[in-house]
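Trainee: Sharing a structure with you now.
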Amino acid sequence: MATPAHRLIQDQNLNFLYNGTTPVGKTDVTKAHKRGDLGGRRALNDLSNSRNPSSFHSKNKDSSINVISIDKYPSTVKGKSSNAAEKGRVAGRKALSDLTNSVKTHPKQIGMPLYHISTSSKARTSSPLASDIKTPPYGTKSNMNDNEVIANRELRFLATSVVKSLRSYEDDVSDKDEQATPGYHLIAMELSLVLGHGFQPVFRFNSTINNSSQIAATMPVHIANPICSNDASVHPQVRTKSLRKVSKETTESAIRDIQDSSDLECALLRSGEALRVQHLNIILRYFGKFNRWKDVCQLFDWMRRHGKNNIASYSSYIKFVGRDSNAAKALEIYNSIKDDSTRSNVSVCNSTLSCLIKCGKFNSSLKLFNQMKQAGLIPDIITYSTLLSGCAKVKGGYSKAMELVHEMKSRGLSMDDVLYGTLISVCASNNQCDEAEKYFDEMKSEGNLPNVFHYSSLLNAYAIDGNYRKADKVIQDMRSAGLTLNKVILTTLLKVYVRAGLFEKSRELLDELQALGYAEDEMPYCLLMDGLAKSGKLVEAKIVFDEMRRKEVKNDGYSYSIMISALCRGKLIDEAKQLASEFEMKYDKYDVVILNSMLCVYCRSGDMENVMKMMKKMDESAISPDWSTFKILIKYFCKEQLYLLAYRTMEDMHSKGHQPLEDLCVSLMKSLGSMGAYSEAFSVYTMLKYSKRTMNKALHGKILHILLSGGLLKDAYLVVKDNAELIPKPAIKKFAISFTRNGNINLVNDVIKSIHNSNYKIDQDIFHLAISRYIEQPEKKDLLLHLLQWMPGQGYAVDSTTSDMILKNSHFFGHQSIAELMYKHHTVLKTNKLRREEQRTNMSS
């Protein structure tokens, strides 16, 4: 036989070696070999080996020797192993590698190793415990001796313990991926039991294989005989605990290997295949916790390539992308999900929407939300809370918030304390103080106790108009409720006092914040300084600023920005420049606020070198300019008569979605027109026209004059065609004459009709110019005939001078056609003359 007569029971690194077919006899215990005869067996993390028969079995002969059917009593089995083997052949028992011999997969077992109980005669349809195996009752005649019976019972106890542990693990862990921890998981194994004289369990440890000793510790084991009952060191319970210990250690080792590796690709190659999805999700969250964005992306890409991702993987990854403010990446990942159930999963959708809102893409989040609902999303409370938080950051967010609340209630969802807090915050940010109070009272009436977040949101609403009386009432209520006035509450109260102009009370509150240790950063000082500076109390603001510098309060640049802007408004340009230079020397951190303030002071002082320096600093720091940045620069470039540079800056401003000021556009248009940059001036007009701002009616006439001066008649025609009723009549006449004389001849008739449709009465000199151009080009006779046919129907007729000119050249256009048209015009002239005489008669009477 190729299969050895002696076999091993392997527990971690110990091999229990024994001989013979009886459970009694000498048992030798030896250390596991570091390099055993593997017979070419592949590493355990090679999936192609997970269902192959063991290399210890003969490939040519039946391996079912010493196998006792679990469907028969042991007492019915004869002592000869050949009979058992023959019975195995008759029963047609399939190889262990044949999946048809395994149990049916439980829904929770998808992607998990299967647990096998092999039978000799039938393939079972469920995984039986050892307790399912029938044993002969006491007193029944059996061929087994006493030691064999005892060993058989202990073996049955071992099988029961192992299978129950695996089932318990499967039920507890499979649906708890978010709460799973490395130490909780047991080892993933495949168990194949054949009870009787031939016990052949196969354990497959999903561990990282680093050396031959690990291979020896994780390869399949073959047991010829049951465990001897007189050996207490290998009791079945002890062995089960050992399996759990190995499972825990190998899983934790693989997780640590990936988490601590400096080469993630190699670590995944070593240990990735041995881990399940929930283990990889733990590592993914670990990387995200420590902001290891590169490793987060690399691990998630590996998980997707190897099919080891689930809903929790997508949800966690998109959350981390949101922290990195990468809305485009989040949408790319979401749109790449092919499984409809995953795409419409509420957790994945909530993460995607939250990412968009954090990146300032609220309108995009609403559009995506509607698409998600059409695809099957059933929103929950968190979905609406996420969207409501975005309403607090956009203009007109209150009306959108009301729509969301109405939709939420129509779905049968109720408001909770978190939603109320978010809604109060939305009201505060949209100047809806009364509505904030209403929802606050409604929340209390429903039995929800307000917390610090609710009170701070309500205080923010009172800070809009500086309603300090109601703010003081809120503070009293908080103290009565036993709530601690923390840093957020006191700082918000300071903002209320500043907005109310109560600077002495604000100063006292600032001192209280300092005493409590809540004024370690610059924010409380900034609130007071900004209020003082905007109230014209620049000296008092400088005192607060000097105090803050003297105490070396943590500075992020906002205090410098406030003081530089205040000094610029006070026309103290030299002091402002000195303060800006001080900030550059002391701090090496910038944001758009401080850079705008420094740009402003340098632009006002005409310091081109420092202006260019600040712009370069903005590019190097990857800081995106905002609306104020563009406004400062365009004004400065216009002041320096750098109009083309100002125009390019406005183009950049428009491309980034910022709306230009009309006064700034008008000034730049005039300047560009005066220097002959007519196309650029029209481009500025177009930018302003298609912005969401309401344009001054006079602006159309101004751009029309600029275009006529530059001879851009086609662009001028577009302006007149869209806005003829808003343009003064003299400007319309000037355009009509210019276009009829020099414009595209093929468009002359269209221009005349457009002007007529604007209720403008076309003069005879315009018709004379048009007809003269047609006569000069006989190939345009169709245009002339069309014009002459159109005129009588609108009450127009050519005068005598134009009529004589047409008749002289009638041979070009056909005598008969011209004669008929001239007759119609003559009739219109008579009718018009009679109408004018009647009007004069009526007026005289």
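From the backbone N, Cα and C atoms, a Cβ is placed for every residue, glycine too.
This is the feature table in TrEMBL:
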- 27-63: region 'Disordered' (REGION)
- 46-63: compositional bias 'Polar residues' (COMPBIAS)
- 126-145: region 'Disordered' (REGION)
- 345-379: repeat 'PPR' (REPEAT)
- 362-514: domain 'PROP1-like PPR' (DOMAIN)
- 380-415: repeat 'PPR' (REPEAT)
- 416-450: repeat 'PPR' (REPEAT)
- 451-485: repeat 'PPR' (REPEAT)
- 486-520: repeat 'PPR' (REPEAT)
- 521-555: repeat 'PPR' (REPEAT)
- 591-625: repeat 'PPR' (REPEAT)
- 626-660: repeat 'PPR' (REPEAT)
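Each of these features: where is it, how hidden is it, and who are its neighbours?
Mentor: Long-range neighbours of the repeat 'PPR' (345-379) within the same chain, counting only residues 6 or more positions beyond its ends whose Cβ lies under 8 Å from a Cβ of the stretch, are 311-312, 314-316, 318-319, 321-323, 325-327, 330-331, 334, 337, 386-387, 389-391, 393-394, 397, 400, 408, 411.
The residues of the repeat 'PPR' (380-415), classed with DSSP into helix (H, G, I), strand (E, B) and coil, number 25 helix, 0 strand, 11 coil.
Packing against the repeat 'PPR' (416-450) from elsewhere in the chain are residues 381, 384-385, 388-389, 391-393, 396-398, 401, 405, 457-458, 460-465, 467, 481: each is 6 or more residues past its ends and has a CB under 8 Å from a CB in it.
If one looks beyond the repeat 'PPR' (451-485) by at least 6 residues along the same chain, the residues whose Cβ comes under 8 Å of a Cβ in the stretch are 417, 420-421, 424-425, 427-429, 431-433, 436-437, 440, 443, 492-493, 495-502, 505.
If you look at the repeat 'PPR' (486-520), the same-chain residues 6 or more away from its ends with a CB under 8 A from one of its CBs are 452, 455-456, 459-460, 462-468, 471, 475, 478, 527-528, 530-532, 535, 537, 540, 553-554.
Within the chain carrying the repeat 'PPR' (521-555), a Cβ under 8 angstroms from the stretch's Cβ atoms is held by residues 491, 494-495, 498-499, 501, 503, 506-507, 510, 513, 562-563, 565-567, 569-570, 587, all 6 or more beyond its ends.
Taken together, the residues of the repeat 'PPR' (591-625) have an average pLDDT of 87.
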